[in-house]
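To start, the structure itself, in structure tokens.
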Amino acid sequence: MAGGRETCLTLIGFILTYLKMVTPEIPTIDQAYSKISNSITVEWTTVPGATSYLLTAEDGDTVIETMVANSPGTVTGLKAATLYEITIRSISAAGRSQASPPKQAKTVLAAPILEVSSPSSDSILVQWEAVYMAIGFSVSIMQANGLGSIWKENTTNTSLTFTSLEAGTLYTVKAYAWNANGIPGDDSTCNQRTSPQAPANIQVSFDSGALKASFSWAPAEGAFNYTVMALSDSSELTCSTTLRSCTISSLQCGTEYLISVLASNDAGSSKSSSAVTLKTVACAPGRVMIQEDPPGHLSVTWSNVDLGDYYVAFVKSDDGLEVHCNTSLTQCNFLSECGFTYFISVFAYNKAGQSPLGDIFNYTTAPCCPSDINPVLVSSDRVEIVWSPVRGAELYETKAVDGYNVVECNDTTPACTLSALECDTKYNITVYSFSEVRGSNMSCTPQFITTAPCSPEIKNVSRDAFSMINVHWRSTNDVATYTVTAQGEKGLYQCSSVGESCTMGGLPCGSVFSVTAVAETQAGRSLPSYSVPLETAPCCPTGLTVTQITQSVINVSWTIGTVAQTHVAVLESHTGQSKCHTHQNHCLLGCITCGINYTVTLKAISTTGLAADCSSQSYFSSACCPLGVKLYRLGPNGIRIYWQASRGSANYSTDLYGSKGIFTCTPSAGLSFCDVAEIPCGDVYTVMVSPVAETGLKLTFCPKKIYSVTCSGSTLGMGKLFFSWIK
């Protein structure tokens with residue numbers, strides 16, 4: 001029993017010794033302190049074999065751990081002005097040690113959050129919110145460029161004002177809070193510029209012609225921008241710039257402005273500079289009135305204007321002569337002449353210069369009558385006249401009178417076109433000059449002008465049997481010569497007459513013409529009449545050919561003529577008529593009777609339906625095909641072909657087509673059979689009896705019959721003949 005207890009104790013001791021050998025040592029914290037409000041720095045004695053350390057900070061609510069490599073180490077992410085319990089563990093390959101004995105440390109105060117501004121050009125106001133656990137604050141200020149002194153103030157308030165600063169200068173402000181133990185917290189730093197002083201030495205330059213003013217001044221220290229204000233009783237104008245000068249446009253005439261300049265930067269604006277006075281030029285005089293009383297004397301009056309010291313009135317006539325008068329009153333008198341237009345303007349003057357240009361007035365004396373009236377164009381319904389311009393005329397009134405009717409035209413130019421006149425009529429034409437002020441000068445002399453003749457009206461265009469074109473028209477002219485023109489792509493044709501008709505010939509076929517008529521007198525030519533279309537008959541085709549296609553069908557062909565759109569072919573005999581209408585150059589005519597004499601005629605028709613009767617020729621239709629074609633044996637090796645001839649006399653030709661040859665026989669005139677003396681047997685023959693035309697052409701459209709010719713006897717091909725009809 002005693003031996004077992006000793007063994008157990010030995011084992012426990014061995015385990016404790018082993019654990020001591022493999023577990024890292026517990027480090028000891030030398031000190032823990034805070035220099036920044038969100039962290040605590042820890043220093044400790046290093047432990048042999050430790051590869052890293054685990055720092056732990058606890059405030060009762062949160063636990064924050066940080067892994068560090070060596071002493072010292074810092075725990076971050078903490079709350080300001082808060083007491084923390086700090087422990088440390090060493091870490092090696094064997095594991096981590098137990099926590100060290102704790103040590104307490106408190107984070108320093110947070111930095112105050114600053115709000116700075118410059119209420120004036122020599123002061124800066126610093127404001128902040130209360131800081132937790134703070135009992136006082138230290139605030140210092142100095143120029144940002146490091147020049148000058150540092151001002152430092154301690155306070156328990158949350159605002160502080162620094163005065164007696166340089167205007168327009170950038171300052172650096174630094175502040176921190178301390179706790180009851182006098183320990184300072186984090187500091188806060190910001191920059192603030194003081195606002196600039198008001199600009200001095202303001203200079204004004206006024207441009208009277210453009211009604212604008214340029215301003216300049218001495219620069220203000222630290223100013224980023226300048227604003228010029230021009231104030232009057234009725235308006236406020238401004239301009240802004242980063243330079244030392246600026247221009248204000250659109251100033252009012254006859255106005256007194258107070259000018260001031262503000263300087264500004266990112267801190268704010270300066271106070272207004274001392275105002276200077278700007279007086280603009282006077283406005284142009286108004287209510288200008290012009291009177292001619294008595295004639296030859298012009299009186300010009302106007303109203304008084306603000307800021308006007310004296311006036312100058314200018315009078316310029318339209319020949320370029322100009323006179324003027326200076327006066328401190330509101331009236332000037334001038335001499336005038338008739339037939340002139342005067343342009344009058346009045347200006348006011350002061351020390352700033354001349355007033356803007358006001359309204360320019362004109363005054364026109366009575367105009368003179370136009371001379372050298374010249375008609376440049378006389379037509380059936382209008383007359384164009386021109387004349388030299390006269391002085392003082394603003395408008396010309398032209399009247400044309402024929403005893404009953406009056407035609408007028410008004411224009412500002414020395415020319416007039418009288419339209420809507422009656423043709424072939426004598427007019428009394430007068431041109432009056434007109435002035436809006438004086439009216440028309442009614443003493444002008446008239447002259448007489450006769451209009452050109454009236455246009456004839458074509459009543460009828462006809463053709464006679466000899467292809468002559470007869471044109472008839474109607475006209476209301478007393479005496480005139482008439483010319484009729486037919487114009488087309490193939491030429492121009494004319495005829496003339498003093499009556500109401502004329503005839504022209506030689507117009508080509510297949511053509512389209514436009515026919516017009518014109519009347520002519522000593523006064524001129526009339527307008528052409530309305531055109532009447534004229535179409536000549538289409539040209540007839542050439543090369544009319546008739547070809548027999550079958551016993552009852554023929555083909556009529558031709559060469560297409562000019563303009564013709566369609567053709568009508570007619571085949572006519574005592575037995576009847578066959579007709580076709582086609583747009584091609586050939587036509588098939590059916591129901592033809594064989595052996596009959598026909599008349600073939602051709603007609604060409606245009607797109608408008610105009611027809612031309614063309615060539616006609618005789619055609620004899622082919623003989624009728626024979627009927628009852630039969631074969632008869634003729635001797636040992638011969639055959640006779642027999643048929644029934646159709647009506648009329650005709651020549652025929654007989655053909656037998658077989659594999660052993662073609663055999664032909666032609667009967668004597670008037671016979672209806674023919675013989676083939678030698679024909680091989682043992683073959684199938686196609687037999688066709690055809691009529692022969694007068695030209696000798698054998699017609700091949702008759703029906704064919706097929707016979708089988710067999711042999712009787714020992715010799716194949718030359719024995720006795722036996723034949724049978726196949727079809």
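Even glycines carry a Cβ here, placed using N, Cα and C.
Taken from TrEMBL, the feature signal peptide covers 1-24.
TrEMBL lists 23-110 (among others) with the feature domain 'Fibronectin type-III'.
The annotation domain 'Fibronectin type-III' is assigned in TrEMBL to 111-197 (among others).
If you look up TrEMBL, you'll see 198-283 (among others) marked as domain 'Fibronectin type-III'. The predicted model assigns the domain 'Fibronectin type-III' (198-283) a mean pLDDT of 89.
Residues or ranges marked as domain 'Fibronectin type-III' by TrEMBL: 284-368 (among others).
Feature annotation from TrEMBL assigns domain 'Fibronectin type-III' to 369-454 (among others).
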>> Across the domain 'Fibronectin type-III' (284-368), what are the DSSP residue counts per state (helix, strand, coil)?
In response: 0 helix, 44 strand, 41 coil
> Using DSSP, what's the helix, strand and coil tally for the domain 'Fibronectin type-III' (369-454)?
Replying inline: 0 helix, 42 strand, 44 coil
> In the domain 'Fibronectin type-III' (111-197), how many residues does DSSP put in helix, strand and coil?
Replying inline: 0 helix, 49 strand, 38 coil
